[in-house]
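Beneath this line is the structure, given in structure tokens, with notes to follow.
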Amino acid sequence: MNQPKIIELNSEQSLLINPDRPIYLDYQATTPVDPLVLEQMLPFLTHDFGNAASRSHPYGWTAEKAVEKARQQVADAIHADPREIVWTSGATEATNLALKGAAHFYSGKGKHLITLRTEHKATLDTCRQLEREGFEITYLEVQEDGLVDLQAFAAAIRPDTIIASVLYVNNEIGVIQPMEAIGKMLRAHKVLFHVDAVQALGKIPVDVEAIQADMMSLSGHKIYGPKGIGALYVRRKPRVRVEAQVHGGGHERGMRSGTLPTHQIVGMGAAAELAVQSMESDAKRIRQLRDRLLKGIQERVEETYINGNMEHRVPHNLNISFAFVEGESLIMALKEIAVSSGSACTSASLEPSYVLRALGKSDELAHSSIRFGIGRYTTEEEIDATIGLIAAKVDKLRELSPLWEMHQEGIDLNSIQWAAH
Amino acid sequence: MAYSEKVIDHYENPRNVGAMDKDDSGVGTGMVGAPACGDVMRLQIKVNGQGIIEDAKFKTYGCGSAIASSSLVTEWVKGKTLDEAMTIRNSQIAEELELPPVKIHCSVLAEDAIKAAIEDYRNKQGGAQVVAPAEMASAQAAH
């Protein structure tokens, strides 16, 4: 019973099993820089090292030209005007600038904001800060499948609502919110619409006009670009105003001061262009891999539960709970695969994922969840090896699990009064 | 998430995994923790006529440290008298496995599991009526 099961893999798959270099299935956490992107970045670290703000010599002009080309590339990727793109250090800063900047500017009009309970921490923590400053936030519940209920959204809008912020594609469960309907509703009520499109860009078509976004946060490193660079889209017509959060030199039309990191910006521009170009072919291939992974797991492992809507979802994400095994131990068992768990057991709080909790999942299932993020470089062999490993390790951990034994004996775990600790 | 080598060893090669007949009068069963908290430990001991724990088995739902803590205590209680086993402290378990502060609760659970198993055994010997399944009784009694 204690012997780990032998994983049935062919020789080619066995070559993939290497704990020092596990199979990477965490593409929602970050992505490697595409070699085509890196190639365009490198000259701006050495030969073309100028400061884009230097107006008096060719070093500066070269940098400025590169920055403006990238600005156009990012604008094109979301159907915006390049003058609407503000460079930031990443999407977290972009979201801080959008929410704090607009809330501060429009605070005379109202002090109420709306967001979802399943937002990224960049939004939730910024909202907490705004609450400390005297703003009032409504955190909307989502439905069991992770999608927001539009009627509940409409009902939350008040005369003093100034901003609503919605995560386009959820980073944990990959569900796509009904952005067009939300945008239309918000525009009708003259509420500014901030969109966190970090996980959407490159995965689905993103169009600021179609969804009537007023502000949009974007990130470089989720789209095979470098870390440390992001952008905020700020609409010009009708004009949206944000108060700067970083001062010193008045770069980026005064909205965000600081010397522009030319190589990072060039990387984000190139990555955005590439993301749009390869979106369709990437998505098609990734969908096949996702379907293969899901089918393989479901065929070989009982008592699995998919978290989040499967229809309104990017194919790049699969989030599954494996009942009766605990997520952290599963991740420890899966050292040959780089994935993330909905169980934050490593933190002192021992809290399961707040996103899965917001879907109404029990703590047990939230603790037992694994997020698989499939990306540009994932292969069929890697997916097959993953299926074999998951099946073997879940079996092993269930052999160790008293809950699994009780389940096999037909005992309803909910009928037991567990001791709290 | 840096685990000590000892945790990894117990996690990858858990000792004494399994189940004993919980209705056997010579077996004490302790189940502690809760699924919602992310860990449940079940420790079973088999006590001989001389009051010595001659065998121990466990099953644990939980993180690597929880599995390692319970695996370790099955080794430690074997060959001990009940009174000796009662003296095992969570701090000794944490020290042996080099548990980081956020994982101390795993060692606390393991200590609780030993006590719950011994209490269950003693209740049986004392002729206490066991109406509820042993798991339920011990889970409730544990804290």
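Including glycine, each Cβ sits where the backbone N, Cα and C put it.
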Fill in the blank from the handout: Listed alongside A:Ala91, A:Thr92, A:Asn171, A:Ser219, A:Gly220, A:His221, A:Thr259 for pyridoxal 5'-phosphate in TrEMBL, from A:Gln72, A:Gln73, A:Gln151, A:Gln199, is A:Gln199
Exercise for the section: For the pyridoxal 5'-phosphate site as recorded (A:Ala91, A:Thr92, A:Asn171, A:Gln199, A:Ser219, A:Gly220, A:His221, A:Thr259), determine the largest distance between any two Cα atoms, in Å, rounded to the nearest integer. Expected result: 30
Problem - Rounded Cα-Cα span from A:Lys222 (N6-(pyridoxal phosphate)lysine) to A:Gln199 (pyridoxal 5'-phosphate binding site), Å - result: 7
Exercise for the section: Can you check which residues sit near A:Ala91 (pyridoxal 5'-phosphate binding site), meaning Cβ under 8 Å from its Cβ, same chain, 6 or more apart in sequence, and list them in order? Expected result: A:Ala122, A:Asp196, A:Val198, A:Ser217, A:Leu218, A:Ser219, A:Lys222, A:Gly230
Fill in the blank from the handout: Neighbour count check, CB within 10 A, over recorded positions A:Thr92, A:Ser219, A:Lys222; minimum at A:Thr92
Handout entry: Other CB atoms within 10 A, centred on A:Gly220 (pyridoxal 5'-phosphate binding site)
Key = 31
Handout entry: DSSP three-state assignment (helix, strand or coil) for A:Thr259 (pyridoxal 5'-phosphate binding site)
Key = coil
